[in-house]
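Feature annotations, reproduced from TrEMBL:
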| type | residues | note |
| --- | --- | --- |
| DOMAIN | 10-124 | domain 'Aspartate/homoserine dehydrogenase NAD-binding' |
| BINDING | GLY10, CYS11, GLY12, LEU13, VAL14, GLY15 | NADP(+) binding site |
| BINDING | LYS104 | NADPH binding site |
| DOMAIN | 136-293 | domain 'Homoserine dehydrogenase catalytic' |
| BINDING | GLU189 | L-homoserine binding site |
| ACT_SITE | LYS204 | active site, proton donor |
Amino acid sequence: MRKVRVGLLGCGLVGTGVVEVLAETSERWAALGVEIALSRIAVRDLNRPRSPLVRREWLTANWREVSAAGDVDVVLEAMGGVEPAFEAVRTALAHGKTVITANKELLAAHGVALRAVARGHGAVLLNEATVLGGVPVIHLLDTYFKINRIRALRGIVNGTCNHVLTRMDETGCSLEEALSEAKAKGYAEPDPTYDLSGWDARAKLKILIEHTLGIAVPVDRIPCTGIAHVSPLDIAAVRALGGKLRLVAEARTAEGGALMAGVGPQVVFPGDPLYAVDGVDNALMVSAAALKRALGAAGFATAVYPLAVPAAGLPAVRSEPTRVSTM
Ligand SMILES: NC(=O)c1ccc[n+]([C@@H]2O[C@H](COP(=O)([O-])OP(=O)(O)OC[C@H]3O[C@@H](n4cnc5c(N)ncnc54)[C@H](OP(=O)(O)O)[C@@H]3O)[C@@H](O)[C@H]2O)c1
C-alpha cells in the first residue's frame, strides 16, 4: 500500500468537505493501493467547533507546522485569500511538496511566481478546483487541448451571479431578493462583493488564459464590470429582446498576438450555447484551430461545455472586450 501523507491548510467549508470526502473514499483509495493519511490541519481558531471527523490532535494554529512538516507529502490549501496563503503555499513548494489549491484569488495574484517556485524545487502545483468547481476543465485544457492552438475562451464561470440573474429573469424580483434567496440556499457568500463585482470571474478568466493562451496578464489589467447594479428593468428590457442577461468572461488572441479579454454582463440569445446555462451552472466554450465542434457536459452544480469550433465560427461578441497588452 502506498501511503500519501496529507496536510490541510484551512478547515472551513472546503477544508471540512475535503476531510469528509477523504473519510468517505478511503476504501476506494485502498482498492487502488493508496492510503491517504491526513494528520495535520492548520486553522485560525483552535477552539472553533469542527466536524467530528476532525481530530483535535491534528489541529495547529501555525500553518508552518503543515507547510514545512517533514511528515507531509501533499498540502491541500483551503484557507482562501492571498495572505498568509501565498507564504504558506510558497513554503510548501519550497520544501518540494505537492500543493493542491482551490484558491483562485491567490493564483490570480501569484500563480506565475508560485509555479516558478514549484519548478525550482521539483514540486507540483495543482489548481483544478479554482475554476468550474468539480469539473476537471484545467486537466482537459492542459492535456486534451494542449496540441491545439486555443484561440478563444468564452464562458459563464460564476455560479452566484448566474443564479441571481436567472432568478431575476424567472421571477421579476430585485437583485437583493435574488441574492437573499441565493444566500439561503448556500449559493452566495455572506459578503457577495467578490462575486457581484465580477472579480471572482476575472480571477478565473486570468487562470484560464494562462492555461490556454499561455499569457500571464496581470489580473487588474483585465477590464471587469459586475452585476451589482442590474435592475429588474434591465432584465425586462433584455427579455423583451428575446435574450437573457449573463455575466460572461471571455478572452481571445487577435492577429499579431494581442490579447483581448474582459468580464461583463452580455445579452445572450437562443442559439448561443450560453443561453441554456441557468442557475448555478457554469459553462466554458473553447475555440481552437484544427478541431471540429465537440460538445460535452457534466452534471452536478457546475458543468462545462468544451466547444471546439474553428475561430472563424465564433459567435459574435456583443460587447467587445477592451484590448489588454500581451506579456
Ligand atoms: N466555498 C466554495 O464553494 C468554494 C468553491 C471553490 C473554491 N473555493 C475556494 O476555497 C478556499 C476556501 O474557501 P472556504 O469557503 O472553505 O473558506 P472558509 O470557510 O472561510 O475557510 C477558511 C479556513 O482557513 C482557515 N484560516 C484562515 N486564515 C488562516 C490562518 N492565518 N492560519 C490558519 N488557518 C487560517 C480558517 O480557520 P478557522 O476555521 O479557524 O476560521 C478556515 O478554517 C477559498 O480560496 C475559496 O475561494 C471555495
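We count from 1, first residue shown onward.
Cβ atoms are placed via backbone N, Cα and C, with glycine included.
TrEMBL: automatically predicted annotations, no manual curation.
The shown structure was predicted, so the numbers you read here are calculated from the model rather than taken from an experiment.
With a CB cut-off of under 6 A applied against ligand 1, the recorded positions GLY12, LEU13, GLU189, LYS204 are reduced to GLY12, LEU13. Other than GLY10, CYS11, GLY12, LEU13, VAL14, GLY15, the residues of this chain whose Cβ falls within 8 Å of the Cβ centroid of the NADP(+) site are, in sequence order, LEU8, THR16, GLY17, VAL18, ALA78, MET79, GLY80. In the shown protein chains, 23 other C-beta atoms lie within 10 A of the C-beta of LYS204 (active site, proton donor). Within the model, the domain 'Aspartate/homoserine dehydrogenase NAD-binding' (10-124) carries an average pLDDT of 96. For the residue listed as 'NADPH binding site', other Cβ atoms within 10 Å of its Cβ number 26.
The DSSP secondary structure for GLY12 (NADP(+) binding site) is coil. With the fewest other Cβ atoms inside 10 Å of its Cβ, the least crowded of the binding-site residues GLY10, GLY12, GLY15 in this structure is GLY12.
Using CA atoms as reference points, the binding-site residues GLY12, VAL14, GLY15 were checked against LYS204 (active site, proton donor), and the closest is VAL14.
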